[in-house]
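Only one structure is covered here, and it is reproduced in the block below.
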């Protein structure tokens, strides 16, 4: 059976998306002991945004942004970069990368709940309610078993409950940014990739401002930066930002929505696997059961949504 070139491109971009976002959690963990969380988020997002802007300019696809474009990007970046990525990095100071991957997998469930409560969307259907209950049960199970989820080779430090709260707040940052962008659409005339570059640049600067206010300069440890840390940072900048966003936007334009958002089922599994394989993190029965509960709940939520 032959696969069309379009089908191959879809498969290739899905592979890029799965690997890029699935490896984000372990890469953050590897870099965390060399600098503060908001410093890490700010530098990688700023570098990714500037690199993307340069690539667009070299290819002749860069248009001069207006002041309104920058203001809109700066506003959205508070939620979708500073909170979604900065809070995630902050939370991973206290929990394993596997746990972070599982918590962020609940984002579609939070999106459904927030859309109903705050955006006037339709009440969840019976199947979606099953997904909400299953996702909630998974998060409760994860919290009850927090003592078993501490990292192995890369030990988590600090209060694990606080870490979970930070990561859960990061998911709600992404949800809030999505709802705000829908409620206040901005007709900029810019391409999706250029809008992404502005978002990353603004979010990077905002994260660095928070890092400066939090005194994270004292957390910089250049002596701790080795080959593994440099590779992880490079991959976070190129893979976790440019490649992942490019693949995601391409899939939104050339594949079904259900195909594009399928990363919600795959990314947590990759995150748990890499946390165990590279970070030496414990994979307990609670972790596995929670992963099944949350990913299964996301399936109920998304399947019902795309089959109405």
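Note that Cβ sites are derived from N, Cα and C of the backbone, with glycine treated the same way.
Copied over from TrEMBL, here are the features:
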DOMAIN    11-143  domain 'EamA'
TRANSMEM  12-31  transmembrane segment
TRANSMEM  37-58  transmembrane segment
TRANSMEM  70-89  transmembrane segment
TRANSMEM  95-119  transmembrane segment
TRANSMEM  126-144  transmembrane segment
DOMAIN    162-302  domain 'EamA'
TRANSMEM  164-184  transmembrane segment
TRANSMEM  196-220  transmembrane segment
TRANSMEM  232-251  transmembrane segment
TRANSMEM  263-279  transmembrane segment
TRANSMEM  285-303  transmembrane segment
Feature contact check the transmembrane segment (12-31) with the transmembrane segment (164-184), CB under 8 Å, 3 or more pairs: no
Long-range Cβ neighbours of the transmembrane segment (95-119) (under 8 Å; 6 or more residues past either end): 22, 25-26, 28-29, 88, 128, 131-132, 135-136, 138-139, 142, 146, 149-151, 154, 156, 160, 163-164, 167-168, 170-172, 174-176, 178-179, 182-183, 261, 264, 267-268, 270-272, 274-276, 279, 281-283, 287, 290-291, 294-295, 297-298, 301-302, 305
Field: the domain 'EamA' (11-143), counted residue by residue under DSSP: helix, strand, coil
entry: 108 helix, 0 strand, 25 coil
Task: Could you pull out which residues elsewhere in the chain have a CB under 8 Å from any CB of the transmembrane segment (70-89), counting only those six or more residues past its ends?
output: 28, 32, 37-38, 40-42, 45, 100, 104, 166-167, 169-174, 176-178, 180-181, 186, 188, 195, 198-204, 206-207, 210
- prompt: Top stretch among 12-31, 37-58, 126-144, 232-251, 285-303 for CB pairs under 8 A with the transmembrane segment (263-279)?
  reply: 12-31
- line: Among 12-31, 126-144, 196-220, 232-251, 285-303, the stretch with the most Cβ pairs under 8 Å to the transmembrane segment (37-58) is 196-220
- request: Determine which residues of the chain contact the transmembrane segment (12-31) at the Cβ level, with the cut-off under 8 Å and only residues 6 or more beyond its ends counted.
  value: 40, 88-89, 92, 96-98, 100-101, 151, 154, 228-229, 232-233, 235-236, 239-240, 243-244, 246-248, 250-251, 255, 259, 262-263, 266-271, 274-275, 278-279
Query: According to DSSP, how is the domain 'EamA' (162-302) divided among helix, strand and coil residues?
result: 116 helix, 0 strand, 25 coil
